[in-house]
Structures are given as C-alpha cells and as structure tokens.
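Pulled from TrEMBL, these are the features on record:
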BINDING   LEU17, ARG18, GLY59, LYS62, THR63, THR64, GLU125, ASP126, PHE127, ARG168, TYR178, ARG215  ATP binding site
BINDING   THR63  Mg(2+) binding site
BINDING   ARG288, ARG307, ARG312  DNA binding site
DOMAIN    48-181  domain 'AAA+ ATPase'
REGION    179-249  region 'Small ATPAse domain (RuvB-S)'
REGION    252-341  region 'Head domain (RuvB-H)'
REGION    322-341  region 'Disordered'
Amino acid sequence: MVDAAADRDDLAVEAALRPKDLGEFVGQTRVREQLDLVLRAARARGATADHVLLSGAPGLGKTTLSMIIAAEMGAPIRITSGPAIQHAGDLAAILSSLTEGEVLFLDEIHRMSRPAEEMLYMAMEDFRVDVIVGKGPGATAIPLELPPFTLVGATTRAGLLPPPLRDRFGFTGHMEFYAPAELERVLHRSAGLLGVHTTDEGAAEIAGRSRGTPRIANRLLRRVRDYAQVRADGVVNQESAARALAVYEVDERGLDRLDRAVLLALLKLFGGGPVGLATLAVAVGEERETVEEVAEPFLVREGLLARTPRGRVATPAAWRHLGMEPPQQPAPGGQEGLFGT
Ligand SMILES: Nc1ncnc2c1ncn2[C@@H]1O[C@H](COP(=O)(O)OP(=O)(O)OP(=O)(O)O)[C@@H](O)[C@H]1O
C-alpha cells in the first residue's frame, strides 16, 4: 500500500490524474520555477529546450514533469527506460526516428547499458550518432545526423550517473518529498477528478500517511473511497480515512506492517539496538534486502531508525511512536554508535 513504485492499478488511473501543465503541478516550487525559465527562454528563442535531468524518489512526479515539458514546448514525447535499452542499436533506432523538437523521456537512465550510454553522449552533444555496421576489422561507422531533440532523463539519484553523462544535461532538477499541505492539494485535485467528495480533514488524514509522495496519496485516496462507499456514506472525511487506512494497516505516520514489525523487533527483542541487519531481518522473517531497501529508507528519513557502524539503532522517537518508554540510559553504544566513527 505504501510502496512508492507504481503497481498495475496505479498505472491504470495515473494517466487521468496527471497535471497537464506547470500551473497545475503542485509543489516543487524551486524546480517548477527553474524549469519555467528554461522552457520560456527556449520558446522565446524558437529553439529546442536544453536536456533536463530530474532526480528524486519514485512517485514524486518525474514522468508527469517530462510530459509537461513536452506539452509546454508543444512537442510530442517518446517514453522509454534505461533497462529497456540494452544495446546501442536499440537506442540508435529510437534516436533516428525522433522528429525535430521531440522530447525523449528516459526513465531510470542510470540503468542503461554502457555502449548505449556512450552513444547517448554524442547524441546529446552533437545530435549525431555513429551506427556501426559489420563486425571485427571490417566494421565501419556510419555517421547519422539527428534532429535537435530534448532528452529528459530521470533517476532516483543523480549521483548514480557517470559524470560525463551528468554534465551533458543543461539543467538538473532535484525533486523533494512533498509537505503534507501540498499533498492535501494533490488529494483535493485528484478527488475532484475522480468525483469523490472529500473534506479538508479527510484529505489531511490521508496526506499525513502518504510518505511525502503523490503516488501513495492517490493510491490511499482510492482505497479510502472504496471503504467510504461500502461502509459509510461515500464521503472521504477524517473518520472514513482513519478507519479505512487502519484496515490496510497504514498507521497515522505512514508506516505499514513491515515498518512496524522492524521497529517492534528492534525495540522488544534487542532493547533498541544496535543490532546487525542480518539478525534484524531474521527476527522479522524477511530477506535482508527487503528490510534494507523497502523498510529502512523511510524509517531513517522519519528519524525512527539510525544505521550506525555497529548496527541498527532505534531513536527515542521510535519508542514513542510505538507507545513505549525509551530506556533511561541510551541503548548500549547507542549514542556512540550514532555519532561515533
Ligand atoms: N506535483 C504533482 N501534482 C499533482 N499530482 C502529482 C504530482 N506529482 C505526481 N503526481 C501524481 O502522482 C502520480 C505519480 O507521478 P509520476 O508517475 O510522474 O512519478 P515518477 O516520479 O515518474 O515515478 P517513477 O519514478 O516511479 O516513474 C501521477 O499520477 C501524478 O498524477
């Protein structure tokens, strides 16, 4: 329920909920202003916009922004992703079929294969690719001119990109998690589009549990709508939202069953830590990777768990969140672990 990656159900409705222009796009004030300048200037010059890199966690609106860039430039958009481009030839085929000014959206650009990445360098800089024909000593490079286009790359972390690729973007926008008030605006907008009567208190209740992520907010809204239809009067208000999300085990801070299981094990079995990741994973009956990649990032971001050189440590906020008293003394090695070398 609170995984920021899109599931099939999300994909089916997301197209209908996407803002269509920068004015409709909620939050991300800084990126929006910067992008507005880049696009206006390009339009005034009658030129194709510079390449844009968008970095940020899943579900924050990178795909949406890339579509807005195309719409604002009055250009068509082609959407693909790094993992879909395994061979340089795949990329050459896409690039050579672009029309002038077209926007190419490359999601998960950090997961492209090395040869494709190197082809992209030249395409971005000189609007040209060398297509290799043949193999071995007889292979020849045939230069192919490309029309000017705008590449919009998306990545979860700009640091994952090799510097030569990163440097070829004219503008990099860092997408932040959304404040609760911004998510409330996203929710009211989505509720309007879905035709669901939602009160301010209902939107606030959902926003607080959405982990700063519009995709999660929209998903929770749909589940609360179901609950309100079946068990209440169809209105999304504070009560129906709280009850519905209790059914789906999403607590008032956005933690789900796994997040709480990790914290509970840490507190109850290991006195708050420090405890090694492998031990913690066994204690909750999950794979190490699941605990590390699915549960921990949000717990760390919320200040409920710290990763220290000596193991995982619960913060006083974690004890309070689960309704327990933090120990008087810091957990053995807790403070030292938190701030030590
Ligand atoms: N600023 C926003 N205002 C309103 N709705 C938004 C905003 N950002 C995202 N959304 C909504 O959240 C959903 C997910 O957004 P989007 O697909 O653009 O995220 P993403 O960052 O590209 O995710 P991923 O990296 O998983 O592809 C969409 O339905 C979109 O309507």
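Using the three backbone atoms N, Cα and C, a Cβ is placed for every residue, glycine included.
In TrEMBL, annotation is done automatically, which means it is predicted and not curated.
Mapped onto this structure are the features recorded in TrEMBL.
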residue : record           : Cβ within 10 Å
LEU17   : ATP binding site : 18
GLY59   : ATP binding site : 27
THR63   : ATP binding site : 21
GLU125  : ATP binding site : 12
PHE127  : ATP binding site : 16
TYR178  : ATP binding site : 25
ARG288  : DNA binding site : 14
ARG307  : DNA binding site : 17
ARG312  : DNA binding site : 27
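Secondary structure from DSSP puts GLY59 (ATP binding site) in coil.
With a cut-off of 6 Å between Cβ and the nearest atom of ligand 1, the binding-site residues LEU17, GLY59, THR63, GLU125, ARG288, ARG312 reduce to LEU17, GLY59, THR63.
Taking the Cα atom of each, ARG312 (DNA binding site) and TYR178 (ATP binding site) are about 27 angstrom apart. In three-state terms derived from DSSP, LEU17 (ATP binding site) belongs to a helical segment.
In the three-state DSSP assignment, the secondary structure recorded for ARG312 (DNA binding site) is strand. Within the region 'Small ATPAse domain (RuvB-S)' (179-249), the DSSP-based counts of helix, strand and coil residues read 51 helix, 2 strand, 18 coil. In this entry, DNA is bound by ARG288, ARG307, ARG312, whose most widely separated C-alpha atoms sit 14 angstrom apart. Spanning the residues LEU17, ARG18, GLY59, LYS62, THR63, THR64, GLU125, ASP126, PHE127, ARG168, TYR178, ARG215 that the record associates with binding ATP, the maximal Cα-Cα distance equals 37 Å. For the pair GLY59 (ATP binding site) and ARG288 (DNA binding site), the Cα-Cα distance reads 24 Å.
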